[in-house]
Amino acid sequence: MWPLWLLASLLALSHALPFEQKGFWDFTLDDGLPMLNDEEASGAETTSGVPDLDSLTPTFSAMCPFGCHCHLRVVQCSDLGLKSVPKEISPDTTLLDLQNNDISELRKDDFKGLQHLYALVLVNNKISKIHEKAFSPLRKLQKLYISKNHLVEIPPNLPSSLVELRIHDNRIRKVPKGVFSGLRNMNCIEMGGNPLENSGFEPGAFDGLKLNYLRISEAKLTGIPKDLPETLNELHLDHNKIQAIELEDLLRYSKLYRLGLGHNQIRMIENGSLSFLPTLRELHLDNNKLSRVPSGLPDLKLLQVVYLHTNNITKVGVNDFCPVGFGVKRAYYNGISLFNNPVPYWEVQPATFRCVTDRLAIQFGNYKK
């Protein structure tokens, strides 16, 4: 259930807040609102992230599709077995929730007149076809959640006002050049859970985008994709088939705060690869096949969290994490995970963690053959 202040914030469309790192979706915030988490977006719980409609005062009642709930400027039509987008939606609607239905197609006039729509939730339907002009009326749309459908391509002609696109768990195999053309406001794309291979990204596919957040997890990537936006603060490529990080793979991503590469098959990280990430704060390399701690960690002055658990690391050197001497690193580690590695932790020297906040920040042991 959404708290009332969350709904009020959504409807107010308040101005952007300065960046403050708090959690998984930090970089998607453009108005102080957290994005729907996977459970809310999929309707896994009975509330499905729907506000407490009985406690709100409606601003219109003349137009509300049969079976839906309409309060304030929210139209909630989830879990109704709908085959198509309902008619008689009030033109002042700002949030339209159509998740968990049986909609298979978005037609040309499905959203006609909804020029004030801010968020559209289409999660967990059967959408496989979208008319090229289906989104044309949505001139103020900022959030489009269309995950868990049957799409085989990125929808055409997305609204230029779009800020956030969640399109994970579809059947998309290709990201062509120009598909994101004109989306100058876009800062977040979640497209994991699609059968995307490296060859599926055409050169220039992300041209013009100034993304802060990109997630391409649970796909079929064998390496870090080329030509992703240089503006990225977060890049999540976990649960793929990446085997190595080569020297120039991270060259253009100097603004990354968080890099997620867990649950891959990484055996090697070429020396110097991490030197291109001077602002990195959090590095996820857990559940890979590394045999040693990656080189270059002591030079990352802002790095605070390193996940290295469930690898094949057999030795930890005294200078693997901290620079030589004391007081050199500007940010102290507050989390280093090394558990489930075949490293004899009783042989690791205490000075190895001289730039860690306290010993509770270090996780060792629990190795199982």
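Glycine too: its Cβ is placed from the backbone N, Cα and C atoms.
What TrEMBL records for Cys64-Cys70 (among others) is disulfide bond.
Per TrEMBL, the feature disulfide bond maps to Cys68-Cys77 (among others). Non-local neighbourhood of Cys77 (disulfide bond): Pro65, Gly67, Cys68, His69, Pro86, Leu96, Asp97, Leu98, Asn101, each in the same chain, at least six residues away, with C-beta under 8 Å from its C-beta.
Sequence annotations record features per position, and here TrEMBL assigns disulfide bond to Cys322-Cys355 (among others). All protein chains considered, the CB of Cys355 (disulfide bond) has 20 other CB atoms within 10 Å.
The domain 'LRRNT' annotation in TrEMBL covers 63-95.
Per TrEMBL, the feature signal peptide maps to 1-16.
On a Cα basis, Cys70 (disulfide bond) lies 55 Å away from Cys355 (disulfide bond). Listed in sequence order, Cys70, Val75, Glu88, Ser90 are the same-chain residues at least 6 apart in sequence whose CB falls under 8 Å from the CB of Cys64 (disulfide bond).
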